[in-house]
Amino acid sequence: MNNLFITIGNIALCVAASLNAQRLFKDHRAPAVGFFLVACSAALAVLPSSPWSAPLQADMQWVAEVLSPAMVSFGFLWLSDDHSTAYTLLTGSALLSMLADWLSRHGLAVMSRCMAMSSLSCSLTVCVFAGNTLGILGSVALSVPALVALNSASPLVSPAAAGGLLKLGLIAVMTVGCSAIRRALEMYVQDLKRWDRSNILT
C-alpha cells in the first residue's frame, strides 16, 4: 500500500515540478532547471525498479535533491544582485556533481548536506531580509530531502514502514516546496519593481 501512495506522490511531484518549471523558465532559468531535475527524478521513480534502472534512479534522486535547492538559491541571489555568491554556489554544486564518483559514501553524504545547508542559508538570507515568507517555506521544503536521513524516522513503526512514510512525507514536502518557490520568486520580482519605483519617486 505504501508503494502505491509513493507512486501517486511521485506522479503528483512530477506534474507540479514540470508545471512550475514551465512557468518559471522565461524569467527564472536556474530555478526552472532545478524543478526540471526534480520532475525527471520523480518520473524515473515511478518506473519499475530493475538492475539497470535502480542506479539511474538513485543518481537522479541525488542530483535533484542536491542541485535543485542550489538552483533556487541562485535565482534568489541573482535577483538580489549578489552575482558573485550566486556563481560561487553554482560552481560548488557543479564541482560536487563531478567529484561525486571519487568520494566515499560517507564523504558524499557529508558534502551533500554541506551543499544543501549552503543553498538553504543563501535562500533564507535573501528571503528573510525581503520578508518573503513563501520563499522561506519553499527553500526549507526543497532542502529537507538532502538533510534528512532515513534512519531518523520514528522507531515506533517497523523500519520498512518508517522508510515508506518518510519517503511519502518528503515527496509531499517537495511538491509543496515547488509551488511555494514559484510563487515566492514572482512575489520577489514584484517587490523589487515596487522598491525601484519608490526609489525613483524619492
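Every residue, even glycine, has its Cβ placed from backbone N, Cα and C.
TrEMBL annotations: computationally assigned, not manually curated.
What TrEMBL lists as transmembrane segment is 31-50 (among others).
TrEMBL lists 85-103 (among others) with the feature transmembrane segment. Long-range contacts of the transmembrane segment (85-103) within the same chain, counting only residues at least 6 positions beyond its ends with a Cβ under 8 Å from a Cβ of the stretch, are 30, 62-63, 66-67, 70-71, 73-74, 77-78, 111-112, 115, 118-119, 122.
According to TrEMBL, the transmembrane segment annotation covers 124-148 (among others). Long-range contacts of the transmembrane segment (124-148) within the same chain, counting only residues at least 6 positions beyond its ends with a Cβ under 8 Å from a Cβ of the stretch, are 34, 65-66, 68-69, 72-73, 76-77, 79-80, 82, 112-113, 115-117, 166, 170, 173-174, 176-185, 187-188, 191.
Summarising the annotation, TrEMBL assigns transmembrane segment to 160-185 (among others).
Tertiary neighbourhood of the transmembrane segment (31-50): same-chain residues 6-7, 10-11, 13-14, 17-18, 20-22, 24-25, 56-57, 60-61, 63-65, 67-72, 74-75, 142, 171, 174, 178, 181-182, 185, selected by CB-CB distance under 8 Å and a gap of 6+ residues from either end. When Cβ-Cβ distances below 8 Å are used as the criterion, the transmembrane segment (160-185) is approached by residues 2-3, 5-6, 9-10, 12-13, 16-17, 20, 23-24, 27-28, 31, 35, 38, 42, 72, 75-76, 79, 127, 132, 134-135, 137-142, 144-145, 148, 150, 152-154 of the same chain, each at least six residues removed from its ends.
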